[in-house]
Amino acid sequence: DFSKAMSQAGSSQFQEAIRQELEYSMKVELDKILATAPSNELEHTKKDLEGFKKLFHRFLQEKGPSVDWGKIQRPPEDSIQPYEKIKARGLPDNIASVLNKLVVVKLNGGLGTSMGCKGPKSLIGVRNENTFLDLTVQQIEHLNKSYNTDVPLVLMNSFNTDDDTKKILQKYSHSRVKIYTFNQSRYPRINKETLLPIAKDVSYSGENTECWYPPGHGDIYASFYNSGLLDNLIGEGKEYIFVSNIDNLGATVDLYILNHLMNPPNGKRCEFVMEVTNKTRADVKGGTLTQYENKLRLVEIAQVPKAHVDEFKSVSKFKIFNTNNLWIALSAIKRLQEKNTIDMEIIVNPKTLDGGLNVIQLETAVGAAIKSFENSLGINVPRSRFLPVKTTSDLLLVMSNLYSLNAGSLTMSEKREFPTVPLVKLGSSFTKVQDYLRRFESIPDMLELDHLTVSGDVTFGKNVSLKGTVIIIANHGDRIDIPAGALLENKIVSGNLRILDH
């Protein structure tokens, strides 16, 4: 046992030596990169690289899944409140004064590449030519006009989306919404083999675009603080931010949740509220809220030891998942940021660049910080508050008559008899937005649809109706044109179908 202990001590000393060597090499490389920064970018670049260095240090310290599965417990009953209970309290007469304490923050760092679009995802047209950003501005403008308030919109951009977003913001200069932006950090991608940055200088245009990445939305706390905007908003009397992904069309300002935060029933304010909703089979990978070491904690699939992944995905044991709609106290962000005590697990995101080089990105997730805040709460909200558009299959749903649009908000049509959304799977011919739009002359009537699968070279004519379960499969080399005015109810269509005009 003595020799075993000695060899373990020896191996841990050896690992520590390797860690120190890696950190030293990283510092040397980052100093070289910093030396190439022009004077007007120096301060900003220095902050970014300091932040990255801290993350890299933690990455070298932590090995293996970051949760001890044995310590995971179900959250206590009162730590996740049903939305109905919060709504039942009603609203106070002075809701306008409560609204004036709120800031809406949208995470706007993502590109539309997964849907075949160049530029920020928020500028993709979603409904009647309106983009995600248009709808967001319309929602907040409607609030400000209805209640005579001044709720501002803050966009967290990345270096990928900042220029294009700022150009488009000019069109809202006359709207009744103050819009602010700040940029999340820009971190260097590292070579998977050497664990050193692949960037040689600070430039991020041309061939250097692949050398840098925005480090996930967990970066919001540091970037918001560093930008000076956090202090300005606190100075204006703002108290809470409502944070959500810009592509979640269900994430609108909810007055009942806001009232619960500002006027808590027990007199003790929450610093952090996470909206969760019930899992369906489609959400098995979503992060879930658990009790861990007497704190609410968000556990993501990447942190789960392999042996427990199936258990984590189980809908019966972990019934809810994080929608990434979060309500956070500004003063708490400031306090924790100044004490440097916001703790978020590191997500290691492997990527292969166009040239075949394997790199890793170190990222964090905004919701993971829940355990650092005092008096956190989960609220189990209706599924309608989670309506993300990640694919053209999602886009088809939100463009269809399943939803009606009012003042920038989408609501499920009253004509739909059951509240669940149909399951839609469009094949690879529909992945890119421009291909998808070309294949639909008009969006089909989907009010009575349960399930739609489309695969291969398929196009839809005008005024098609889909009901029940519809499966359309064009095999390789075949083409199917669904004729204008067709009604497909519980149908499987395969083979070749071409309608020729004569």
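Heads up, the Cβ atoms here are built off N, Cα and C, so glycines get one too.
Straight from TrEMBL, the features:
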BINDING   Lys121, Gln184, Gly216, Asp247, Lys390  UTP binding site
BINDING   His217  substrate binding site
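Between the CA atoms of Gln184 (UTP binding site) and His217 (substrate binding site) there is a gap of 8 Å. Within 10 Å of the C-beta of Asp247 (UTP binding site) there are 22 other C-beta atoms, taking all protein chains into account.
Remark: of the binding-site residues Lys121, His217, Lys390, the most isolated position is Lys390 (fewest other Cβ atoms within 10 Å of its Cβ). Largest Cα to Cα distance within the recorded UTP binders Lys121, Gln184, Gly216, Asp247, Lys390: about 21 Å as a whole number. Reported as a whole number, the C-alpha separation between Asp247 (UTP binding site) and the residue listed as 'substrate binding site' equals 14 Å. Of the listed binding-site residues, namely Gln184, Gly216, the sparsest CB environment within 10 A is found at Gly216.
If you take the Cα of His217 (substrate binding site) and the Cα of Lys121 (UTP binding site), they are about 15 angstrom apart, rounded to a whole number.
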